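J.: Per TrEMBL, the features are:
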| type | residues | note |
| --- | --- | --- |
| DOMAIN | 1-131 | domain 'N-acetylmuramoyl-L-alanine amidase' |
| DOMAIN | 1-125 | domain 'Peptidoglycan recognition protein family' |
| DOMAIN | 202-330 | domain 'Peptidoglycan recognition protein family' |
| DOMAIN | 210-336 | domain 'N-acetylmuramoyl-L-alanine amidase' |
(Lines of atoms letter the chains of each structure in order from A and count residues from 1; the text may use other names and numbers.)
(Lines give C-alpha, C1' and ligand atoms only; values in the text may rest on other atoms or scores of the structure.)
Protein backbone atom coordinates (compact mmCIF):
# COMPACT_ATOMS: atom_id res chain seq x y z
CA UNK A 1 0.00 0.00 0.00
CA UNK A 2 1.10 3.56 -0.73
CA UNK A 3 2.04 5.73 2.28
CA UNK A 4 -0.23 8.74 1.82
CA UNK A 5 -0.07 11.62 1.25
CA UNK A 6 2.91 11.42 -1.10
CA UNK A 7 5.29 14.30 -1.72
CA UNK A 8 6.26 13.46 -5.32
CA UNK A 9 4.22 13.22 -8.51
CA UNK A 10 5.68 12.12 -11.86
CA UNK A 11 4.42 12.82 -15.38
CA UNK A 12 4.97 10.20 -18.11
CA UNK A 13 3.83 9.53 -21.62
CA UNK A 14 3.19 6.11 -23.09
CA UNK A 15 5.30 7.13 -26.13
CA UNK A 16 3.02 5.38 -28.63
CA UNK A 17 -0.33 6.14 -30.29
CA UNK A 18 -2.77 8.61 -28.77
CA UNK A 19 -6.56 8.30 -28.50
CA UNK A 20 -9.46 10.73 -28.68
CA UNK A 21 -12.46 8.50 -27.90
CA UNK A 22 -13.12 6.21 -24.92
CA UNK A 23 -13.34 2.98 -26.92
CA UNK A 24 -9.90 3.55 -28.44
CA UNK A 25 -8.39 4.71 -25.14
CA UNK A 26 -9.72 1.67 -23.29
CA UNK A 27 -8.21 -0.64 -25.91
CA UNK A 28 -4.83 1.06 -25.53
CA UNK A 29 -4.95 0.92 -21.72
CA UNK A 30 -5.81 -2.79 -21.85
CA UNK A 31 -2.86 -3.35 -24.17
CA UNK A 32 -0.51 -1.52 -21.79
CA UNK A 33 -1.75 -3.58 -18.86
CA UNK A 34 -1.22 -6.80 -20.81
CA UNK A 35 2.31 -5.73 -21.73
CA UNK A 36 3.21 -4.79 -18.16
CA UNK A 37 1.90 -8.10 -16.81
CA UNK A 38 3.00 -10.52 -19.53
CA UNK A 39 6.26 -8.90 -20.72
CA UNK A 40 7.49 -7.04 -17.64
CA UNK A 41 6.24 -9.67 -15.20
CA UNK A 42 4.45 -7.11 -13.01
CA UNK A 43 1.22 -7.91 -11.18
CA UNK A 44 -0.67 -5.02 -12.82
CA UNK A 45 -0.33 -1.97 -15.04
CA UNK A 46 2.48 0.19 -13.69
CA UNK A 47 1.01 3.72 -13.71
CA UNK A 48 -1.23 5.14 -11.01
CA UNK A 49 -3.42 6.73 -13.69
CA UNK A 50 -3.46 7.30 -17.45
CA UNK A 51 -4.96 10.28 -19.28
CA UNK A 52 -6.38 10.16 -22.79
CA UNK A 53 -7.09 12.95 -25.26
CA UNK A 54 -10.75 12.04 -24.86
CA UNK A 55 -10.49 14.00 -21.60
CA UNK A 56 -10.87 10.95 -19.34
CA UNK A 57 -8.62 9.67 -16.60
CA UNK A 58 -8.18 5.88 -16.56
CA UNK A 59 -7.44 4.24 -13.23
CA UNK A 60 -4.27 2.17 -13.13
CA UNK A 61 -3.05 1.22 -9.67
CA UNK A 62 -4.95 4.20 -8.31
CA UNK A 63 -4.15 6.36 -5.31
CA UNK A 64 -3.53 3.69 -2.69
CA UNK A 65 -1.29 1.09 -4.36
CA UNK A 66 2.43 1.42 -4.96
CA UNK A 67 3.07 1.70 -8.68
CA UNK A 68 5.82 0.56 -11.02
CA UNK A 69 6.49 3.73 -12.96
CA UNK A 70 9.57 5.59 -11.67
CA UNK A 71 12.37 3.30 -10.54
CA UNK A 72 13.70 4.26 -7.13
CA UNK A 73 10.70 6.43 -6.27
CA UNK A 74 7.66 4.14 -6.59
CA UNK A 75 7.06 3.73 -2.88
CA UNK A 76 6.89 7.47 -2.23
CA UNK A 77 5.22 8.88 -5.32
CA UNK A 78 2.26 8.71 -7.67
CA UNK A 79 2.34 9.05 -11.45
CA UNK A 80 0.13 9.62 -14.44
CA UNK A 81 0.95 8.80 -18.02
CA UNK A 82 -0.49 10.70 -20.95
CA UNK A 83 -1.56 8.26 -23.65
CA UNK A 84 0.44 9.13 -26.75
CA UNK A 85 3.85 10.41 -27.85
CA UNK A 86 4.49 14.00 -26.84
CA UNK A 87 8.01 14.50 -28.06
CA UNK A 88 6.96 17.00 -30.74
CA UNK A 89 3.59 18.24 -29.54
CA UNK A 90 1.65 18.72 -26.31
CA UNK A 91 -1.54 16.84 -25.38
CA UNK A 92 -4.81 18.55 -26.27
CA UNK A 93 -6.67 20.79 -23.81
CA UNK A 94 -9.02 18.01 -22.73
CA UNK A 95 -6.12 15.85 -21.61
CA UNK A 96 -4.21 18.69 -19.94
CA UNK A 97 -7.30 19.83 -18.03
CA UNK A 98 -7.99 16.24 -16.92
CA UNK A 99 -4.43 15.91 -15.58
CA UNK A 100 -4.64 19.19 -13.67
CA UNK A 101 -8.02 18.21 -12.23
CA UNK A 102 -6.60 14.85 -11.13
CA UNK A 103 -3.76 16.58 -9.28
CA UNK A 104 -6.21 18.89 -7.54
CA UNK A 105 -8.42 15.92 -6.63
CA UNK A 106 -5.40 14.19 -5.07
CA UNK A 107 -4.78 17.19 -2.83
CA UNK A 108 -8.42 17.52 -1.83
CA UNK A 109 -8.71 13.82 -0.97
CA UNK A 110 -5.49 13.78 1.07
CA UNK A 111 -3.58 11.51 -1.31
CA UNK A 112 -1.17 14.21 -2.46
CA UNK A 113 0.65 16.61 -0.15
CA UNK A 114 -0.49 20.22 -0.81
CA UNK A 115 3.23 21.07 -1.07
CA UNK A 116 3.98 18.17 -3.47
CA UNK A 117 6.79 18.42 -6.00
CA UNK A 118 6.05 17.70 -9.66
CA UNK A 119 8.61 16.08 -11.97
CA UNK A 120 8.86 14.58 -15.40
CA UNK A 121 10.01 10.98 -15.63
CA UNK A 122 13.30 12.16 -17.17
CA UNK A 123 14.08 14.09 -13.97
CA UNK A 124 14.44 10.77 -12.16
CA UNK A 125 16.07 8.61 -14.83
CA UNK A 126 17.96 9.20 -18.09
CA UNK A 127 15.25 8.89 -20.74
CA UNK A 128 13.08 11.05 -23.03
CA UNK A 129 9.83 10.56 -21.11
CA UNK A 130 7.37 12.36 -21.02
CA UNK A 131 8.45 13.76 -24.39
CA UNK A 132 10.25 17.07 -24.85
CA UNK A 133 7.21 19.18 -25.73
CA UNK A 134 5.20 17.93 -22.78
CA UNK A 135 8.20 18.15 -20.49
CA UNK A 136 8.79 21.78 -21.42
CA UNK A 137 5.13 22.51 -20.68
CA UNK A 138 5.03 20.90 -17.23
CA UNK A 139 8.14 22.91 -16.37
CA UNK A 140 5.75 25.90 -16.29
CA UNK A 141 3.14 24.24 -14.04
CA UNK A 142 2.74 25.10 -10.36
CA UNK A 143 4.60 22.61 -8.15
CA UNK A 144 7.12 21.71 -10.87
CA UNK A 145 10.31 21.37 -8.88
CA UNK A 146 13.85 22.30 -9.77
CA UNK A 147 15.10 20.61 -6.61
CA UNK A 148 17.28 17.78 -7.95
CA UNK A 149 16.15 14.27 -7.20
CA UNK A 150 18.72 11.92 -5.70
CA UNK A 151 20.33 10.21 -8.68
CA UNK A 152 23.38 8.58 -7.15
CA UNK A 153 23.93 4.87 -7.24
CA UNK A 154 23.31 4.88 -3.48
CA UNK A 155 19.63 5.52 -4.24
CA UNK A 156 18.37 2.02 -3.46
CA UNK A 157 19.88 2.19 0.01
CA UNK A 158 18.72 5.75 0.70
CA UNK A 159 15.17 5.03 -0.41
CA UNK A 160 14.99 2.10 2.01
CA UNK A 161 16.07 4.32 4.89
CA UNK A 162 19.60 2.92 4.98
CA UNK A 163 23.14 4.28 5.05
CA UNK A 164 25.97 3.28 2.73
CA UNK A 165 29.07 2.55 4.77
CA UNK A 166 31.99 0.16 5.19
CA UNK A 167 30.57 -3.16 6.36
CA UNK A 168 33.25 -3.43 9.05
CA UNK A 169 31.23 -0.81 10.96
CA UNK A 170 28.60 -2.16 13.31
CA UNK A 171 25.09 -2.03 11.82
CA UNK A 172 22.08 -2.08 14.18
CA UNK A 173 19.90 -3.91 11.64
CA UNK A 174 21.67 -5.75 8.85
CA UNK A 175 23.74 -5.22 5.70
CA UNK A 176 22.38 -5.62 2.17
CA UNK A 177 24.62 -5.92 -0.89
CA UNK A 178 24.25 -4.27 -4.31
CA UNK A 179 22.60 -1.13 -2.94
CA UNK A 180 25.66 1.16 -2.79
CA UNK A 181 28.32 2.51 -5.10
CA UNK A 182 32.02 1.86 -4.59
CA UNK A 183 33.89 -1.17 -3.33
CA UNK A 184 32.25 -4.48 -2.46
CA UNK A 185 32.67 -3.81 1.27
CA UNK A 186 30.67 -0.54 0.98
CA UNK A 187 27.22 -1.90 1.75
CA UNK A 188 23.82 -0.65 2.81
CA UNK A 189 23.16 -0.70 6.54
CA UNK A 190 19.42 -1.02 7.06
CA UNK A 191 17.52 -0.74 10.29
CA UNK A 192 15.64 -3.92 11.02
CA UNK A 193 12.75 -4.06 8.54
CA UNK A 194 11.76 -7.67 8.98
CA UNK A 195 8.23 -8.96 9.25
CA UNK A 196 9.26 -11.63 11.69
CA UNK A 197 7.31 -10.41 14.71
CA UNK A 198 8.39 -11.10 18.27
CA UNK A 199 8.94 -14.85 18.57
CA UNK A 200 10.23 -16.77 21.55
CA UNK A 201 12.01 -20.12 21.28
CA UNK A 202 12.74 -19.72 17.57
CA UNK A 203 15.45 -17.82 15.75
CA UNK A 204 14.18 -16.13 12.59
CA UNK A 205 16.85 -15.00 10.12
CA UNK A 206 15.38 -11.83 8.60
CA UNK A 207 15.39 -11.03 4.88
CA UNK A 208 17.97 -8.31 5.47
CA UNK A 209 20.25 -10.72 7.30
CA UNK A 210 20.28 -13.38 4.56
CA UNK A 211 20.63 -10.78 1.79
CA UNK A 212 17.21 -10.98 0.11
CA UNK A 213 16.65 -9.01 -3.07
CA UNK A 214 13.82 -6.49 -3.06
CA UNK A 215 10.55 -8.12 -4.17
CA UNK A 216 9.11 -7.07 -7.54
CA UNK A 217 5.73 -6.48 -5.94
CA UNK A 218 4.04 -6.78 -2.57
CA UNK A 219 0.48 -7.70 -1.65
CA UNK A 220 -0.53 -7.44 1.98
CA UNK A 221 -1.81 -10.54 3.78
CA UNK A 222 -5.16 -10.29 5.59
CA UNK A 223 -4.38 -11.46 9.11
CA UNK A 224 -5.01 -13.64 11.00
CA UNK A 225 -5.13 -16.46 8.46
CA UNK A 226 -7.11 -19.65 9.00
CA UNK A 227 -4.89 -21.95 6.92
CA UNK A 228 -1.25 -22.98 7.30
CA UNK A 229 0.55 -25.19 4.77
CA UNK A 230 3.65 -27.34 5.19
CA UNK A 231 6.01 -27.78 2.21
CA UNK A 232 9.44 -29.16 1.54
CA UNK A 233 11.91 -27.78 -1.00
CA UNK A 234 12.71 -31.29 -2.37
CA UNK A 235 16.42 -30.60 -2.84
CA UNK A 236 19.32 -31.23 -0.46
CA UNK A 237 18.87 -30.29 3.18
CA UNK A 238 21.16 -27.93 5.10
CA UNK A 239 22.52 -28.09 8.61
CA UNK A 240 24.48 -24.85 8.92
CA UNK A 241 23.46 -21.22 8.43
CA UNK A 242 25.83 -20.49 5.54
CA UNK A 243 24.45 -23.37 3.46
CA UNK A 244 20.84 -22.64 4.38
CA UNK A 245 21.14 -18.98 3.34
CA UNK A 246 21.90 -20.08 -0.24
CA UNK A 247 18.41 -21.58 -0.45
CA UNK A 248 16.15 -18.69 0.36
CA UNK A 249 14.36 -17.23 -2.70
CA UNK A 250 11.15 -17.11 -2.24
CA UNK A 251 7.46 -17.75 -2.62
CA UNK A 252 7.18 -19.21 0.87
CA UNK A 253 6.29 -17.21 3.97
CA UNK A 254 9.19 -18.85 5.81
CA UNK A 255 11.75 -21.62 5.31
CA UNK A 256 13.23 -23.87 7.99
CA UNK A 257 16.65 -25.47 7.91
CA UNK A 258 18.04 -28.41 9.82
CA UNK A 259 20.29 -25.87 11.48
CA UNK A 260 17.20 -25.09 13.59
CA UNK A 261 16.73 -21.60 12.16
CA UNK A 262 13.72 -20.09 10.43
CA UNK A 263 14.49 -17.97 7.35
CA UNK A 264 12.11 -15.14 6.57
CA UNK A 265 10.64 -15.37 3.07
CA UNK A 266 7.66 -13.14 2.45
CA UNK A 267 7.05 -13.04 6.18
CA UNK A 268 3.79 -12.75 8.05
CA UNK A 269 2.35 -9.69 6.31
CA UNK A 270 2.84 -10.39 2.60
CA UNK A 271 0.85 -12.72 0.37
CA UNK A 272 3.01 -15.64 -0.73
CA UNK A 273 3.23 -17.76 -3.86
CA UNK A 274 3.28 -21.24 -2.36
CA UNK A 275 -0.14 -22.92 -2.58
CA UNK A 276 -2.13 -22.14 -5.71
CA UNK A 277 -5.67 -21.06 -4.95
CA UNK A 278 -4.91 -20.38 -1.27
CA UNK A 279 -2.08 -17.83 -1.24
CA UNK A 280 -4.22 -14.84 -0.26
CA UNK A 281 -5.69 -16.57 2.79
CA UNK A 282 -2.88 -18.70 4.14
CA UNK A 283 0.72 -18.78 5.29
CA UNK A 284 3.26 -21.50 4.58
CA UNK A 285 6.57 -22.84 5.75
CA UNK A 286 8.89 -25.00 3.65
CA UNK A 287 11.40 -27.29 5.30
CA UNK A 288 14.66 -27.29 3.32
CA UNK A 289 15.34 -30.77 2.04
CA UNK A 290 13.55 -33.79 0.57
CA UNK A 291 11.38 -35.65 3.07
CA UNK A 292 9.90 -38.42 0.98
CA UNK A 293 11.81 -41.11 2.89
CA UNK A 294 12.96 -39.51 6.13
CA UNK A 295 11.91 -36.81 8.57
CA UNK A 296 13.57 -33.46 9.20
CA UNK A 297 15.75 -33.50 12.30
CA UNK A 298 14.44 -32.46 15.69
CA UNK A 299 15.90 -28.95 15.39
CA UNK A 300 13.90 -28.30 12.23
CA UNK A 301 10.67 -29.81 13.56
CA UNK A 302 10.94 -27.82 16.79
CA UNK A 303 11.52 -24.63 14.79
CA UNK A 304 8.40 -25.25 12.67
CA UNK A 305 6.27 -25.81 15.76
CA UNK A 306 7.68 -22.73 17.48
CA UNK A 307 7.06 -20.63 14.37
CA UNK A 308 3.41 -21.68 14.19
CA UNK A 309 2.96 -20.93 17.89
CA UNK A 310 4.60 -17.54 17.37
CA UNK A 311 2.10 -16.80 14.60
CA UNK A 312 -0.79 -17.66 16.89
CA UNK A 313 0.63 -15.65 19.81
CA UNK A 314 1.17 -12.56 17.62
CA UNK A 315 -2.24 -12.69 15.98
CA UNK A 316 -0.97 -13.68 12.51
CA UNK A 317 -2.57 -17.13 12.62
CA UNK A 318 -6.06 -17.80 13.94
CA UNK A 319 -6.24 -19.80 17.17
CA UNK A 320 -8.52 -22.15 15.25
CA UNK A 321 -6.24 -22.48 12.19
CA UNK A 322 -6.28 -25.61 10.06
CA UNK A 323 -2.97 -27.26 9.15
CA UNK A 324 -2.41 -28.96 5.80
CA UNK A 325 0.34 -30.44 3.71
CA UNK A 326 0.86 -28.96 0.25
CA UNK A 327 -0.48 -32.21 -1.30
CA UNK A 328 -3.84 -31.60 0.38
CA UNK A 329 -4.34 -28.59 -1.89
CA UNK A 330 -2.97 -29.90 -5.19
CA UNK A 331 -1.56 -32.85 -7.13
CA UNK A 332 1.96 -33.03 -5.66
CA UNK A 333 4.17 -35.19 -3.45
CA UNK A 334 5.00 -32.17 -1.28
CA UNK A 335 5.91 -32.05 1.61
CA UNK A 336 7.25 -35.56 1.13
CA UNK A 337 5.45 -38.70 2.32
CA UNK A 338 7.35 -39.16 5.57
CA UNK A 339 6.92 -35.55 6.67
CA UNK A 340 3.31 -35.56 5.52
CA UNK A 341 2.52 -38.62 7.62
CA UNK A 342 4.05 -36.89 10.63
CA UNK A 343 2.18 -33.60 10.35
CA UNK A 344 -1.07 -35.53 10.13
CA UNK A 345 -0.48 -36.38 13.80
CA UNK A 346 -0.01 -32.72 14.80
CA UNK A 347 -2.66 -30.61 16.50
CA UNK A 348 -4.75 -28.58 14.01
CA UNK A 349 -4.13 -30.97 11.07
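Each Cβ is built from the backbone N, Cα and C atoms, and glycine gets one as well.
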J.: Of the residues in the domain 'N-acetylmuramoyl-L-alanine amidase' (1-131), how many are helix, strand and coil by DSSP?
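T.: Its residues divide into 39 helix, 29 strand, 63 coil.
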J.: On the DSSP side of things, how many residues of the domain 'N-acetylmuramoyl-L-alanine amidase' (210-336) fall into helix, strand and coil, could you say?
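T.: The composition, in the requested order, is 28 helix, 32 strand, 67 coil.
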